[in-house]
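Visitor: What Swiss-Prot shows for this protein is this:
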type	residues	note
ACT_SITE	S120	active site, charge relay system
ACT_SITE	D135	active site, charge relay system
ACT_SITE	H157	active site, charge relay system
Amino acid sequence: MELLLLSNSTLPGKAWLEHALPLVAEQLHGRRSAVFLPFAGVTQTWDDYTAKTAAVLAPLGVSVTGIHSVADPVAAIADAEVVIVGGGNTFQLLKESRERGLLAPIVAAVKRGALYIGWSAGANLACPTIRTTNDMPIVDPQGFDALGLFPLQINPHFTNALPEGHKGETREQRIRELLVVAPELTVIGLPEGNWIQVSKGQATLGGPNTTYVFNAGEEAVPLEAGHRF
């Protein structure tokens, strides 16, 4: 399988998805036809989100079609060479994808050779479940099971920073709480600017920041770019 799972879409001082474009180009391998799932977009229309994504990827020769705009989305996914899943609200993304019957077709397409690209919520959707999302508002997606294309849980936008005087939990504390109730999970705290590329059965970590892996009852393990899972 070919996956590109990004923690986020925008870095300080860079345009939207600018840091991801070289990675996308590297993994395209001649693929040009893409479908885009805009369902995580809550404060922007799905048409606008699709147009924005299409404009960014056009210089790479990728043609993007919004899956919400086609008469037969299952057939469109089956025919696509690239499946792109945008960030935003993970609950809304999973709810819409499940209700439209798109989860199994996406898995089948990627297993047949389509490239999967997802950032933030789109990276969450590639995991076994969405239980490591950070998102609000919460809508009911009728279950948290997701695509399961990547075997570990990703926590996008990972940071342990807290504003001075803030008394809420750190991100690590929240992940630790999850591992108490679900000790079978392994969670990757993926900071902004980092990504995971899967190619030819090998998953490789990229990006400038330290990533952390969390397992129940164990110390967090720091990982740097180039680590292979």
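Quick reminder: no glycine exception, Cβ is built from N, Cα and C everywhere.
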Visitor: In the structure shown, which of the active-site residues S120, D135, H157 has the fewest Cβ neighbours within 10 Å?
Guide: H157
Visitor: Express the distance between the Cα positions of H157 (active site, charge relay system) and S120 (active site, charge relay system) as a whole number of Å.
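Guide: Rounded to the nearest whole number, the Cα-Cα distance is 7 Å.
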Visitor: Just to verify a number: CA distance, D135 (active site, charge relay system) to S120 (active site, charge relay system), in angstrom, no decimals.
Guide: 10
